[in-house]
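Residues annotated as domain 'Major facilitator superfamily (MFS) profile' in TrEMBL: 25-477. Residues annotated as transmembrane segment in TrEMBL: 20-38, 89-107, 119-149, 169-188, 200-222, 284-308, 320-342, 354-375, 387-405, 425-447, 454-473.
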Amino acid sequence: MAGGMAIQADTKDYGGKITMFVLMTCLVAATGGLIFGYDLGISGGVTSMDVFLEKFFPSVYKKMQDDTGKTNQYCKFDSQLLTSFTSSLYIAALVASFAASITTRIFGRKVSMLTGGIIFLVGSALNGAATNVTMLILGRILLGIGVGYANQSVPVYLSEMAPAKLRGALNMGFQLAITIGILAANLVNYGTSKIKGGYGWRVSLALAAVPAIIMTVGAIFLPDTPNSLLERGHQEKAKTMLQKIRGNQDVEEEFQDLLEASEAAKKIEHPWRNILQPRYRPQLIMSIMIPFFQQFTGINVIMFYAPVLFKTIGFGDDAALMSAVITGLVNMFATFVSIGTVDRVGRRMLFLEGGIQMLICQILVGVILGIKFGVEGVGSMSKSSSYLVLFLICAYVAAFAWSWGPLGWLVPSEIFPLEIRSAGQAINVSVNMFFTFIIAQAFLTMLCHMKFGLFFFFGGFVLIMTLFIFFFLPETKNVPIEEMNNIWKKHWFWGKYIPDDAIIGVHHTSAKVFDY
């Protein structure tokens, strides 16, 4: 049997309308992505501000002021303390995602969102008022706890509220909010860098309170999902909510499938132990490999350190921050491409096209930096070469923004059966945050030692992940979330892991198999 096989099983269409209620609740819930996006964008800009570096990281500031031409361009920002400021958030988010899993399962998705928003708010206040590195890192840890809670609960909430035929587009509201947060942070950094008096960095860090307030207030008014209500034993409320979000009183068939999934879930006393069973092997592997690969695309190298990177290759302070704004704009608008196509062309097509485009861009950037700076990292770059690198980075960001960016959150959130959904999403978030931490902590040192080869390093991973998707990910578009096991059962490799009793609401119809 061919390895590159996509399977589209016959699945139910429960009908129902696309209601304004669903659109509004998904829009509000998706704002949870703002806090993650703002943080991704803000830290790189702040760490390229001279006033901030002079106050908290004087050794880096001293290297930046060395204009003798003998300083290795790749190593100017190499400081473990500086990277600890950026990456401490992601270890905190990793740990918090496990606590969020328990909160999400016992108290519901909206309580997790509310908790995350409040803790993030406290962290932003602490960062804005920081007088030493300890306060800075403690604030980052609180921000990380907030991010862990939000990233664990929001994608699950969106996948459960959305009808199957629009689940991809509505879930991608989370990724769109991340890109808006990144863009907002880049614009704020550009503006605050102009503030006289040396306190612009405080404004940048403290303004993280704005997305936190939006998410917190929004979470207060959000309804619970039918799946979450059933999971906590509120059958009548769940049915009423399902009727409301589908805009239809006749939801009996879908409700019975949800009820069946919920009853199966209640028999599972230890989701963390059960997720290791062979019947959940496809979902477990995907929840580990997809977030792992998402980080090894190298995207957070660009998002964390875009101003630093552009400053390194020859852009001035203002130009470096403005270049980061440009990549932020590309990131946001390219996400709309994904929103408009994900439920039509499917997840696999976007994954594969995005991977090929990213690979080409990374190889070309590596070649240009290698020619201009060489192995010694000493040299300069002409304006035309700098703009070419900026163009290639924008093309790379665009490819990520319509593929691995949104799909890295969408696919893991839609594939888990209810009984292990909270645990599965916690694994997804924790793996994502762990490797975000590793990349953030290691990037500036890797840039110093691997130099232009760093882009070939990430390019190699992009090639591997594209092949992984081609062979091992079945198409999940338009499949009701509680019937996802049907897809795995018919996959050439994963089918042997899925027992017959794992198929919910299945009608013995033939599967359509498309062999690429």
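Backbone N, Cα and C atoms are what each Cβ position is placed from, and that goes for glycine too.
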(request) Mind looking up the mean pLDDT for the domain 'Major facilitator superfamily (MFS) profile' (25-477) in the predicted model? (result) 86
(request) Count the Cβ pairs between the transmembrane segment (320-342) and the transmembrane segment (387-405) that lie under 8 angstroms and are 6 or more residues apart in sequence, then report whether there are at least 3. (result) yes
(message) I'm a bit unsure how to read this: which one of 89-107, 119-149, 354-375, 425-447, 454-473 has the highest number of Cβ pairs shorter than 8 Å with the transmembrane segment (20-38)?
(response) 119-149
(request) Answer with yes or no whether the transmembrane segment (387-405) touches the transmembrane segment (169-188) by the criterion of at least three Cβ pairs under 8 A, sequence separation 6 or more. (result) yes
(message) Same chain only, please: residues at least 6 beyond the ends of the transmembrane segment (354-375) with a C-beta under 8 Å from a C-beta of the stretch. Say none if there are none.
(response) 73-74, 297-298, 313, 381, 385, 388-389, 392-393, 395-396, 398-400, 402-404, 451-456, 458-459, 462-463, 465-466, 469
